[in-house]
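Database features, via Swiss-Prot:
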BINDING   Gly477, Ser478, Gly479, Lys480, Ser481, Val482  ATP binding site
COMPBIAS  279-298  compositional bias 'Acidic residues'
DOMAIN    457-676  domain 'FtsK'
REGION    254-318  region 'Disordered'
TOPO_DOM  191-825  topological domain 'Cytoplasmic'
TRANSMEM  32-52  transmembrane segment
TRANSMEM  79-99  transmembrane segment
TRANSMEM  118-138  transmembrane segment
TRANSMEM  146-166  transmembrane segment
TRANSMEM  170-190  transmembrane segment
Amino acid sequence: MSMSAIERVIPLVGHLPPSIREGLARRMRELAGLGLIALSGLASAALMTWSVQDASLSHATSRPIRNILGYAGAIGADLAMQILGLGAIMLVLTVAVWGWRMMTHRPFDREALRLGSWILCTVIAAGFVSCWPHGGAWPLPTGLGGVVGDALVRAPAVIFGPPGMIYRTVLGVILFAAMAATFLIACGLGAREHDDELAEIEDDDKPLDEDEESDRGSVSLGWLFHALMSTKARLIWLCGAAYRSLVSSGPKTRAVGFSRQEPNLGGGRAAPPISPRSEDEDYEEEHEEEEDEEEEEEPAARAPRKKAAPKAAAKKSSDKFELPSVSVLAAPKAGDRQPLSKAELEANSRALEGVLQDFGVRGEIVKANPGPVVTLYELEPAPGIKSSRVIGLADDIARSMSALSARVAVVPGRNAIGIELPNAHREKVYLRELLVAKETVDTVAKLPLCLGKTIGGDPVIIDLARTPHMLIAGTTGSGKSVAINTMILSLVYRLRPDQCRLIMVDPKMLELSVYDGIPHLLTPVVTDPKKAVVALKWAVREMEERYKNMAKLGVRNIDGYNTRLLELKAKGEEPTRTVHTGFDKETGKAIYEEEKLSLDPLPYIVIIVDEMADLMMVAGKDIEGAVQRLAQMARAAGLHVILATQRPSVDVITGTIKANFPTRIAFQVTSKIDSRTILGEMGAEQLLGQGDMLYMAGGGRISRVHGPFASDDEVEKVVRHLKTQGQPEYLEAVTAEEPTEDEDGGAVFDASGMGADGGGDLFQQAVAIVKRDRKASTSYIQRRLQIGYNRAASLMERMELEGIVGPANHAGKREILVEEEDSHM
């Protein structure tokens, strides 16, 4: 059935979109094929129940009719048997094959040739069966081929004489060959056509699963329902468009309750954006300008380091410190949000139902929840529909709905499956509207982070103090770096430097360098991977120091510690603690002194690492060990870690790191494997990028969030304001390692953190031990200096390079090349 024929039957089809018209044509063709198969089935039933005793045009009787189709079936079957005999079977069989070809979308061209071959095949079939004797069981006076068959057999007898057995056999073979040839032509089963149809058959059958092919009858009913629902959805859309055109001619008013534009998935054209440039272009160009400017700028001169405790930083100016104003941030524009009528949502829902029916998924869209970037359609599946089957159709749903991508997931706690489709008009999420939202203003979070908006447009505010650490992954351009910027701005907009300090590690030297010089920093932005290891080791020591102070006051976390300090300060008491300062040279006994504890509250410390992969390449074991200890123990001490990487592979996000970071954020990734690495399940590869993320809370619950955007200019304005509030009080010990101290964690941190020229005093001690004891082995140096094996091995390699010891022999022993009385350096 051609498209023009359908348009003549249904005038409304000409007004439908091309995708709907094409789908409707396919459904009508399938319905026609189903009708032909049903017609051939009825004809076969009439022929199978034919009886010569039934009433017909050539026989009158009062006996009841035994034909299954009644009087009409008896007359039709009798005519077919009288004229064609058993050759009528070929008449019905060819029609059934035509119906099968139409249902499976195989081509049916050259209709005149098909019909002519069909008639000729039926006549030849009647002659073929008339070649064989019927005996006495045949109730008709004619042969097995009826009147037509007898005429075809007896016609050559005029030339060759009365037909004998040999004549009938030869004629039967010839007629059989002719019947087979005409049958293949009538059915379109020729060799050339078969080869041409293979590709089309594969394309048509590809979206269907194996279990669906066995249920084409029930699926055909779904196709009919789809056609009806699509037509209904189009009518609703046309009525809505006419209504909007009338409303737009009058005074423009904003509809209450609608704040964002949704896609017209029914096939109509989406309204063009008001601004000449789309949000996606603004997002990409502003982010590229940020990277270009930071690459061209020379490293700014860093402020001189001052050795001061972190709790004393910005203490003098804390009372006068002024938090940044939200006025420097961009506000939402009036044209960014476009309402969507309920009629359009209803039309999209019905179109989605039709697509699901195409793939054999029965159910109903019970709710459409529009959001700033995507719309969530909740499908209530029919009994017996597996959720895994619907989830596996995500790519097919996106293709059928003409969407960039589609994400399908089960709605927790409900008998519903969520289908997330992107909006035609993407709304930009602004950081300003999140900072002034009621959820942010009224929050009691210690370290509030503005993550973005949910699918429904609600703000998402989390407390990093309760998280307590975060792992972020995403490819280039997915919005990972912008999300880190918005997290930093969320902290500096709410907390003063005496409440929260920051340690920023940026091996790429691009993303976080703009924050260099703000009062919240404990140290200048760390760009050297080796110094990053030292900074993480300092964080471990700071954590242990805080735990000792908490144990002295009998508290369990940093909030209790600060509260106890305020109570002691109000009472005028000065707490002390016992500190081991050394040993008596004469007696060898340990010396302890009483040290007063400061009454200044301890600030939170947030460690931000922008690119984890670069650090793992330089010092993987050091980083993994330090991050593990911080993630396991630092929560109560007020230290929190945010790790980000653009390469979420197993060699970067190791099992140890993953186990200690229950809170994770996945932006768009390139493959399902990367999504499983960061989240443990698929879905991140179907995100839209540019701030679209999947947020996994500590309990394993995953929700989709659309992150806010902060431009380069906004970040620079906030940084300039912070710099006017005071100079940063840097702590030199953060990046300056003290190698003379014995490290309990020596087995955790290897020698890569001290560098080629670091640890000079420790090296001198190792040389003195070798010259004095005349023993040179890694394990001996490790035991004497109480350090880790990696560091001891590094010291031995350096002594070999400087000619103090020789290379190890086959037994692992080294020759000492310096005399005992010699002094090195």
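Cβ atoms here come from the backbone N, Cα and C positions, even for glycine.
Panel annotation: around the transmembrane segment (170-190), residues 90, 94, 97-98, 101, 106-108, 113-115, 117-118, 120-121, 124-125, 127-128, 131-132, 152-153, 156, 163 of the same chain, lying at least six beyond its termini, place a Cβ under 8 Å from a Cβ of the stretch.
Cβ neighbours within 10 Å of Gly477 (ATP binding site), excluding its own Cβ and spanning all shown chains: 17.
Within 10 Å of the Cβ of Val482 (ATP binding site) there are 25 other Cβ atoms, across all protein chains. The number of other CB atoms found within 10 A of the CB of Lys480 (ATP binding site), across every protein chain shown, is 25. The secondary structure of Val482 (ATP binding site), as reduced to three states from DSSP, is helical. A mean pLDDT of 76 is what the model gives for the topological domain 'Cytoplasmic' (191-825). All protein chains included, Gly479 (ATP binding site) registers 26 other Cβ atoms within 10 Å of its own Cβ.
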